[in-house]
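**Q** Heads up, here are the entries from Swiss-Prot:
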- H118, H120, H173, D196: Zn(2+) 1 binding site (BINDING)
- D122, H123, D196, H235: Zn(2+) 2 binding site (BINDING)
Amino acid sequence: MNGPVRTEPLHGEIPLLASSGSYSVVVLLRGYAEPQGAGDAVRADGTVTLVLPRGWASDSSRGLAPSADGGSKTALEEAVRGPILVDTGGPWARGALLEALATQGVAPEDVTLVVGTHGHSDHIGNLGLFPEAALLVSHDFCLPEGLYLPHGLCETQPLILGSGLQVWATPGHGGQRDVSVVVEGTSLGTVVVAGDVFERLGDEDSWQALSEDPVAQQRSRERILSVADVVVPGHGAPFRVVRETVKSSEDLICEGKAVA
């Protein structure tokens, strides 16, 4: 059975690629947060992650249109047939974002869905580059030209985007409406793109000071760590989650070991 959880560095260069039968996860730009000077000033930008459907080809996903019945399910199915961008970084990183997308063969007009994990400028500062994409920013889901649709996302009800692809409500850092993207079955296991639920590997001594709701964020962190094999944090390198195995008394008896 599962025991304590620990985290450790995930070695690899950016862009990090984790592929699966349905989607590939590519960390395009690694976020950072660097103290500046003697005061509390920080230079920061958020991590940007690309989720590519298997078999996607440029030009195949353009022309996203509202669903005929106005329902969010059909609209979401349409939105995930092309490249999905999770956060966009700040506007000061516009050039770096465009270059990173081009490296993956993706133009801004190819992107069919942008997920903003929360409403801070270093995470959604380039939304204007993607006017043809559907937007899921925090809990607001809208189609191009501003048609907003309901969807029912909450902590107890994830938003299913596709097979092995979900959006979770993970409140805390920016308030009650933060989200994370969960991609199952990749070559690295389950990858959770967590926004600032996790600032970076080893942030245990600092995340509370940046949180709007530390109690809710602690709950979100524990929930993510219970399923993730890899976490993509908001301001650092992706890291691995390792679950220690604790043997049950039945296992120990089978091995011939005494149980007190």
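In case you wondered, yes, glycine gets a Cβ from its N, Cα and C as well.
Quick caveat, the model's predicted, so the values are computed rather than measured.
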**Q** Can you check which residue among the binding-site residues D122, D196 has the largest number of Cβ atoms within 10 Å of its own?
**A** D196
**Q** H120, H123, H173, H235: which of these binding-site residues has the sparsest Cβ neighbourhood within 10 Å?
**A** H120
**Q** Using the Cβ centroid of D122, H123, D196, H235 as the reference point for the Zn(2+) 2 site, which residues of the same chain not in that list have Cβ within 8 Å?
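**A** Same chain, not in D122, H123, D196, H235, Cβ within 8 Å: G31, A33, A44, D45, G46, T47, D87, T117, H118, H120, G195, E199, G234.
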**Q** Around the C-beta of H118 (Zn(2+) 1 binding site), how many further C-beta atoms are within 10 angstroms, looking at every protein chain?
**A** 26
**Q** Cα-Cα, whole number of Å: H118 (Zn(2+) 1 binding site) versus H235 (Zn(2+) 2 binding site)?
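**A** That separation, Cα to Cα, works out to 13 Å.
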**Q** Taking the mean position of the Cβ atoms of H118, H120, H173, D196 as the Zn(2+) 1 site, which residues outside that list, in the same chain, have a Cβ no more than 8 Å away, listed in sequence order?
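**A** Everything else in range on the chain: T117, G119, H123, G174, D178, G195, V197, G234.
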**Q** Where H173 (Zn(2+) 1 binding site) and D122 (Zn(2+) 2 binding site) are concerned, what is their Cα separation in Å, rounded?
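**A** Spelling it out, the Cα of H173 (Zn(2+) 1 binding site) and the Cα of D122 (Zn(2+) 2 binding site) are 14 Å apart.
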